[in-house]
Each structure stands twice: as structure tokens, then as C-alpha cells.
Amino acid sequence: MHVLSPSSSFFLLFTCSFIIFFVIINSPSCLAIAANATRRPRQIFVNYYAKSCPQVEQLIGSITSQQFKEAPVSAPATIRLFFHDCFVEGCDASILIATKPGSKLLAEKDAEENKDLRTEGFDTITRAKALVESKCPGIVSCADILAIAARDFIHLAGGPYYPVKKGRWDGKISMATRVPYNLPYANSTVDQQIKLFSSKGLTIQDLVVLSGAHTIGFAHCKNFLDRLYNYKGTKQADPSIDPRLLKALKMSCPQVGGNVDIMVPFDVTTPFVFDHAYYTNIQSKLGLLSSDQGLFLDPRTKPIVQSFGRDKAKFFQAFSAAMDKMGSIGVKRGRRHGEKRKVCSMHV
């Protein structure tokens, strides 16, 4: 394991303390810029690199398995990176582009909404790209590497393993100004989420399924502070939060003067395991974000939440299909619309 920085040590200590605290009190014994972004391309398929780079998945897998052992947070970090990439400009690795030094035009990754994306996700793709380039130079896109790495981490964390279609090219456009209206927010209503997902060609079921990725990962206090102290301007807590969870969250996230580095797990029962606990949690008022808890309160999404809460295998099957569908959003093909980067953070 890598030596943790002071902030990382604090984060780990907090996480463990939070989990222990919550387990005790809960124990029975005590992600559309343009219309064409929703079209499903014909030219991506599982065996795209069968002849040009047949070992691509093994190469990427060697990096993801190592990263998962050294820094487990790489899993939710990379999965979130993939979501944020696909929802802005399509699945084209535009999220990986770095802003040019001195430029006033910020790239996607530097948008305010993306500032919380953890470096472990970017580091994973950088390492995987370097290895793949050493074996198959100029062949595999950063966009495909990101899609494969996200799948690997889902499986490493206990989730389903599904085939990843390949053949994406990397995008030529990366603009921070295109981020805000293409991503869901922590306080997004179900109506807003449905509208956003629909603009990407995704259904209400896809929304509920893909939200299940919050079965792993963490959020900063600022993303749910209003739920604790001033829900919808009432100066009261959100009544849909379990009182025991509310107490735990207030202890960790004071209204003022709190540590901005504190992060809380989305899934307070099994935060490091990709399972279906997310759905049972929100049925028990244990959703961390307002956008998550709202899925159980809305009659359009509640039955789907209940269904996945009962059946993990059903969730895994639906999640695999939804990831394939999301991974096909806005795919670029050919030199007119795309590029093959040698370094993922730099345009060709």
C-alpha cells in the first residue's frame, strides 16, 4: 500500500469511524449537448482490437488490479470519471484533456462540477495508456481504455463482469462551458434527472440502474449539507433522512467550520463493495444525496428501486446492459470527428 498523506489518513480514519458508528446504531441487536449524442453507433464491437491489439484487456487489467490493491478509491474514482465523460460530449475521453497553460478556455476536467474528481481515476488511465502504447502504439484510444477500466473496477469491487464494446475514437473538443447542463447534481429532482437522462437516450430504468453505482464511492459534505440544516430553505433537516443517519452526518459535517476534506460513503452499510445495498438503503431513508433518496419517493422510480433491492442478480444484469448503453453515447469515429491520442491529456 502507498503511504497515505495526512489528509488521506484523516479520510480513512473518518470513513472507518463513520462505518463503525453506523453499523452500531443500525444493528438489529442494538451523469445532451447535441441530438446526435444519443445515437447508437454501428462501428463499435467487442472484438474491435482482436487483430491489432489482442492483449489490450489483459494489459489494462494488470493496471486496474494493481491500482485496486494499492488505492481502492481508484474504483469509484474511475467509474465516476467514465460517467462524467459520457454525459458531456459522449464517451470520447474529453474529460481527460488538460487545459493548456495560460489558456482562458478551460477544459472539461477544470469545470467547477469536475473539481472533485479524484486523481486516482486519472492516474489509472495514464498508467494503462502508457502500458498499452508500449505494446500497441497508436492503436487503442483513451476512450476505450476508460470504458474497459471502469468495467474492471466494477468487477474488482464485487460487481458484474460484462463485455465492453470498443472502437471509440478520442474527442477533439473539451470545454468546461459544456459541463454544467450535462451532469446531474446532488440536489437534482427526479424530474430533472429523467429529463437529463432522456436527452442522452437513456430511460427511467437506466436512471435508476446507473444511480446504483453509488453503492461504492464517497461525497464531500458540501454536496448534502443543505439536507442536514436547511432543506429547501426551511432551516430544518430533510424529513426523508433516517434520524440516526442524520445524527451521524451532523457529527461529521457541522453547518459551519467543518473540515472541507471530510468525505462520507454513499452506501453506509457496505461502502467498499459493489452490491445492491444502495437500493435497500434508500428504502430505509439511508440515501446520502437528495437525488438518490428521491428515487424511492417518486412513483415512477420507486417500483424499480424496490425490485433491485430484492434481487441483486437482476440489478447486476440490468447494470451491465445500462453500462453498455451509456458507453455508446456520442461515440466518435474517424479522423473527421476524432483522434487517437498518444497521451490522454493532450490533443494530437
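Cβ atoms here come from the backbone N, Cα and C positions, even for glycine.
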Considering the candidates Cys53, Cys86, Cys91, Cys142, which is the cysteine that TrEMBL reports in a disulfide bond with Cys136?
Cys53
So, in TrEMBL, which cysteine from Cys91, Cys142, Cys221 is disulfide-paired with Cys344?
Cys142
If you compare CA-to-CA distances from Asp267 (Ca(2+) 2 binding site) to each of the recorded positions Val88, Cys91, Ser94, Cys253, which comes out shortest?
Cys253
Would you mind ranking the binding-site residues Ser94, Thr215, Thr270 by how many other Cβ atoms sit within 10 Å of each Cβ and giving me the lowest?
Thr270
Let me know the model's mean pLDDT on the domain 'Plant heme peroxidase family profile' (43-348).
96
Counting across all protein chains present, how many other Cβ atoms fall within 10 Å of the Cβ of Asp85 (Ca(2+) 1 binding site)?
31
What is the Cβ neighbour count of Cys344 (disulfide bond) at a 10 Å cut-off, with all protein chains included?
23
Round to the nearest Å and give the CA-to-CA distance linking Asp275 (Ca(2+) 2 binding site) with Cys142 (disulfide bond).
28
